[in-house]
Amino acid sequence: MDLNSVVWTVSGSVGFFKLVNCGLDSLAAPESARRNAWKWRNISTSLVHSLITGVWAVLCFYLHPQMAEDLIATHSVFSHALVSVSIGYFIYDFFDMVHNQKLSQSWELLFHHVVVITCFGISVLTCQYVGFAVVALLVEINSIFLHLRQVLRMAGWSQTTPYRLNSMVNLGTYVVFRISTLAWMTRWLVLNRDRVPLVSYTVGSIGLAIVTVMNIVLFYRLLRSDFLRPGREARKEKEA
């Protein structure tokens, strides 16, 4: 994809996710979610992004397996378009949060988005490391269940069987598609140090370090919220 195609794809992606958000505004939200209608729409839009890009990332490697052997130079137009679409989503979500949420509540995600947009931007503009970016987007498979968890909580379903099942799948996919993927990416970057220019290596290393720390913290919060806390509460009820 040339620069013109990248600009149109990114712009089209921003517009698409804006339309998704507006479309969700016209649908009836659960009563418990109406107290924070913006967050309901934002999370639901993120869920749509995860569904699209998670499946798309898997298809990239299925349809173009050679990319797995060379994550630096080998890629298809299909995979290049995926990374461009994701840049558009993160740009859209960045401004959506800036406009609707206090900085003190969203600074972590805003920082995450800046890191991702920078790393993905280098990839699509140089047509290098596209395969590496697609590997990073495999985490969106877990994000499907991560966002679904928030949707269920906002809908008031946090004490239901579907929520508990989703919690287990969420934790399992978190380990496989998020923590393991980030660990593999870090290992790949270290092993291929001599093949990666200093600037790209520095940006990639810093980006991975930041995202990894954020994901470890999030994993602990999920574990505490969905598994450790309910257990403590159950024991307290028995003792009472």
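The backbone N, Cα and C atoms fix where each Cβ goes, and this holds for glycine too.
Small disclaimer: the values here were computed from a predicted structure and weren't measured.
The feature domain 'TLC' is assigned by TrEMBL to 35-231.
Nonlocal intrachain contacts for the transmembrane segment (45-65), taken as residues 6+ away from its ends with a CB within less than 8 angstroms of a stretch CB, comprise 17, 20-21, 24, 74-76, 78-79, 82, 85-86, 89, 93, 96, 134-135, 137-138, 140-141, 143-144, 146-148, 151. Under the heading transmembrane segment, TrEMBL lists 45-65 (among others).
Under the heading transmembrane segment, TrEMBL lists 77-95 (among others).
Here TrEMBL flags 130-148 (among others) as transmembrane segment.
Listed as Cβ neighbours of the transmembrane segment (168-186) (distance under 8 Å, sequence separation of 6 or more from its ends, same chain) are residues 132, 135-136, 138-139, 141-142, 144-146, 148-149, 208, 211-212, 215-216, 219, 222-223, 226-227. Among the features that TrEMBL reports, transmembrane segment is placed at 168-186 (among others).
Among the features that TrEMBL reports, transmembrane segment is placed at 198-223 (among others).
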Folded-back contacts onto the transmembrane segment (77-95), same chain, C-beta under 8 angstroms, at least six residues removed: 1, 6, 9-14, 16-18, 42, 45-46, 49, 52-53, 56-57, 59-60, 63-64, 67, 109-110, 113-114, 116-117, 120-121, 123-124, 127, 130-131, 133-134, 137
Within-chain partners of the transmembrane segment (198-223) [C-beta distance under 8 Å, separation at least 6 from its ends]: 108, 111-112, 115-116, 118-119, 122, 128-129, 132, 149, 167, 170-171, 174, 178-179, 182-183, 185-186, 189
